[in-house]
């Protein structure tokens with residue numbers, strides 16, 4: 001008999017998933033709705049990081065709705081394949097990648113302000129968000145098919161942690177220096193901003 005059609009130990013899995021179902025949607029849906037309302041209610045998205053925050057809120061909102069739907073479906077059709085929620089892949093792949101993008105955005109703004117001003121075009125951020133979305137849904141599909149699930153999730157989380165930690169350390173080191181991104185780059189950045 002195929003392992004994917006075997007009946008999963010329902011009582012164990014029900015209790016394992018229950019804290020997420022009870023806590024995450026009631027807290028996550030209103031919080032993400034407020035973030036979406038605040039960002040979409042503005043006349044324009046002025047900060048480059050707001051594009052990533054908006055996409056992160058959309059991902060979190062999707063996770064909150066999907067995890068409840070998948071949990072209810074699993075309760076009525078309890079197989080091992082159905083216990084492998086698609087929403088977990090979305091949460092474990094999309095969230096860390098968007099947090100990496102936020103960290104890299106802050107790193108470029110603080111440590112390399114001149115380059116950041118040249119790359120401030122919102123289309124670049126939207127393209128990056130689209131790429132993250134494609135990669136996240138690809139990771140979800142692979143996790144749902146149970147292909148490389150543990151290696152994929154661990155790989156994404158390790159790269160995300162390394163990127164975020166490195167960016168934060170470099171930002172803190174840069175903030176201890178006297179000018180933005182160093183004295184020479186700070187003067188050049190000031191001249192470039194005054195011309196605009």
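We number each residue from 1, going along the chain as drawn.
Glycine residues also receive a Cβ, built from the backbone N, Cα and C atoms like all the rest.
Remember, TrEMBL labels are computer predictions, not curated facts.
Per TrEMBL, transmembrane segment is recorded for 20-40 (among others). Panel annotation: around the transmembrane segment (20-40), residues 50, 53-54, 57-58, 60-61, 63-65, 67-68, 71 of the same chain, lying at least six beyond its termini, place a Cβ under 8 Å from a Cβ of the stretch.
Per-residue pLDDT, averaged along the domain 'G-protein coupled receptors family 1 profile' (31-137), amounts to 84 for this model. Annotated domain 'G-protein coupled receptors family 1 profile' per TrEMBL: 31-137, in sequence order.
The transmembrane segment feature in TrEMBL is assigned to 52-76 (among others). The list of residues near the transmembrane segment (52-76) in space but at least 6 beyond its ends in sequence, with Cβ under 8 angstroms from a Cβ of it, reads 13-14, 17, 20-21, 24-25, 28-29, 32-33, 35-36, 39-40, 45, 82-83, 85-88, 90-91, 94-95, 98-99, 101-102, 105, 125, 128-129, 132-133, 136.
As annotated by TrEMBL, transmembrane segment applies to 96-116 (among others).
Sequence annotations record features per position, and here TrEMBL assigns transmembrane segment to 128-148 (among others).
The annotation transmembrane segment is assigned in TrEMBL to 154-172 (among others).
Beyond its flanks by at least six residues, the transmembrane segment (154-172) meets 92-93, 96-97, 99-100, 103-104, 106-107, 110-111, 139 of its own chain at Cβ-Cβ distances under 8 Å.
Here the domain 'G-protein coupled receptors family 1 profile' (31-137) is broken down by DSSP into helix, strand and coil counts: 91 helix, 1 strand, 15 coil.
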